[in-house]
Amino acid sequence: MSINSVPRKQFDEYVATGWQPIGIAGKKPARSGLTGRTDNTTPDMPRKGENIALRLPKGVIGIDVDAYDGKVGGDTLARLERKLGPLPDTDRSGSREAPSGIYLFRVPDDFESVGELPGIELIQWFHRTVVVEPSQHEKTGNTYRWHPVNEEPMWKNGPESLPKLPDAWLEHLRKDRVNVAEKRTEGCEDAFLTEGLPCDEVTQVLDRYNARTDNGASRYGSMITGQYNLMKLGESGHQGVSSAMDTLEGLYLSQVEGERDASGEFNRGLNGLYLIADTPLTDGDPCDVNKLNLPASFWESRKSLKHIRDAAHSRVSSADAVLYTTLARMSAMVDHNTRIKTGVKSPASLNLFVAVVGQSGAGKSSSVSVGKKLMPTPLDLEGFRDGLPIGSGEGFSAAYWGVTYEDSHTEKKKDGTPVKVRVTKQVRHNCFFTLDEGRALNKMVERSGTTINPTLCSAFVGDLIGQSNATVETTRIVPDGSYSAGFVVGYQFDAAGVLLSEEESGLPQRFIWVSATDPSIPRERREYPGQLKGYKLRGDDVSVDGTHFEPIMSLPQDLQEMLYERFWELSTGEVEAPPELDSHEPLIRAKLSALLALLDGRGNVTHEDWELSEVMWQTSCAVRDNVVERNAESREEREEVSTRKAIERERRLQLARNQAEPTLKRASEAIGEKVHKSGRFTPGKLKNALSKGQVEVFKEAINLAIDEGWIVEDDGAYFPGPNKP
């Protein structure tokens, strides 16, 4: 897609300020001889249907960052700024939200940089062009705009007005600074290309590459993403990255070879990795670490995640718990129209339920307060209910209702204006619920006639909640799609086990499970980093039916196709259904992906968001399974203790029987002898004739004497039997 025509005035302005504008078709110059290593600096007026771009002069470079649809340019840029220092503020041209776009800087006239980094291309006088305003993106139709630092864009004062690229960046990005062929022959000691057999996490990168290319995703983009993810695993110390990188190369070459220089593309991608990689960790195998907490590589992947971890640790709280409670709080504050499109069924709400598990006093509740400081209630979020306790299903839906005053449709004042009448109706769209002790939720769920279980199950997916009673005044219906909800509940292990044992109710599988314990909290005090900045509480507006727009976020298309295929297989019986507790994995991961995107200030979901959600899901499963295992062990221990007690009780009884047997026999013989001698005895007189020890076993002794035939019972008295003792 391109504009009908570029205004002559805009073209002339670019020329007058010292730039060389040219017409482009797609991404390439519309006419030959205008790019490459040519000294032709003649401007070229775009013709009808062409976009406009700037061919950069010598001494100017463009850093083109792609941070959308799984492209990792934003992360690469953040890595470089950590290594080399921040870039100076400058003009950015682009059709998407920051950090995507082309950033312009001055460099020495003879400077040549590397061509590309993961998710970033370097635009130079002989290589590529800068698409500029008022062009339209060929795929999305979005208009390219200048995003200046100040009101007046720098480019309007000519190339010489741009800031210089810092010296550290110049040296780091200089062409031929890294030669991948040399690096790969030097060996991979002390680098991210770790030796050994690939661990499960490393092989999963290859599995994801195959899945994405099988579903029609870009082979080049999937290869770059695969390289980048392998590098991150190597940095974390995972084994077998070198072998997996070779396998990835083989897969890519077999798919692309013959079409273009596949080997060169792969090696240039590796060149970029060497320029951004961090020093690998050397403190053990990360596959052997605690699976109950999110790994260090997860926290290091984004500034927003590091910020949350630092805030949690400054308050001696679990980083995992603070992250999830912050996301749940965020899901409650998100615009209620914002949903996530998964490619299956209707777009889903972002409502998130979190179960924080730990011993009493482990800080389950404090994570909520830290999240509240990180993400305070926005001033423009009217009526937000923050931290409401849950008491019943009716109370959950009633939280969205309130009293307001509206014009009466029937009553009027003397002057003809409507009378204001008191009305009870839904008055808010956003509520955040908390419950310190999960035992209370368990009791609510178990109570006969309760509505809390179906209410929570419906609220998780944003369906209609509430009840219709006999009168209009007591009706509390909250329609589907009209509310946002987040819920955090604290659980001790035994109470969490009770909820998890009720999987047929559908409730436990709607929670993300998180540990209140965090072994990574440093002993030294950490400074609180302040509130989170830059997050969004609404997705990007997209056209729904061509007439109106809604904030519908979407998973990347290849992921939508993958999920559709998965649900088709389940619905047709091609594959077995997953365990009940795993049944909501795709939906929970979609919610987490969308919330991670909004946390980063983006309205679009990327493959990296989806991959981070996988780490979060796996950690949640580990916590959940740990609860189940702990409760199973506790049950076994209780059963073992109960068995030991029963055995001990039986042992004591048997001992007592053994000790009592001689006394019983003597008492029985004495009864027989006395009855035979007297001819008749009433029970009372017979008891009086016995010793104290014999009286204690009187009933048993009578039964034994009758069984032996020594006595018979008749009319309430005892008489001699046919046998003598």
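Cβ from N, Cα, C; glycine included.
Here is what TrEMBL records for this protein:
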- 11-169: domain 'DNA primase/polymerase bifunctional N-terminal' (DOMAIN)
- 26-47: region 'Disordered' (REGION)
Local confidence of the domain 'DNA primase/polymerase bifunctional N-terminal' (11-169) - pLDDT mean: 92
Residues of the parent chain within Cβ reach of the region 'Disordered' (26-47), under 8 Å, 6 or more residues beyond its termini: 5-6, 8, 11, 14-15, 20, 53, 55, 57, 126-129, 131, 138
Counts of helix, strand and coil residues, the region 'Disordered' (26-47), according to DSSP: 0 helix, 2 strand, 20 coil
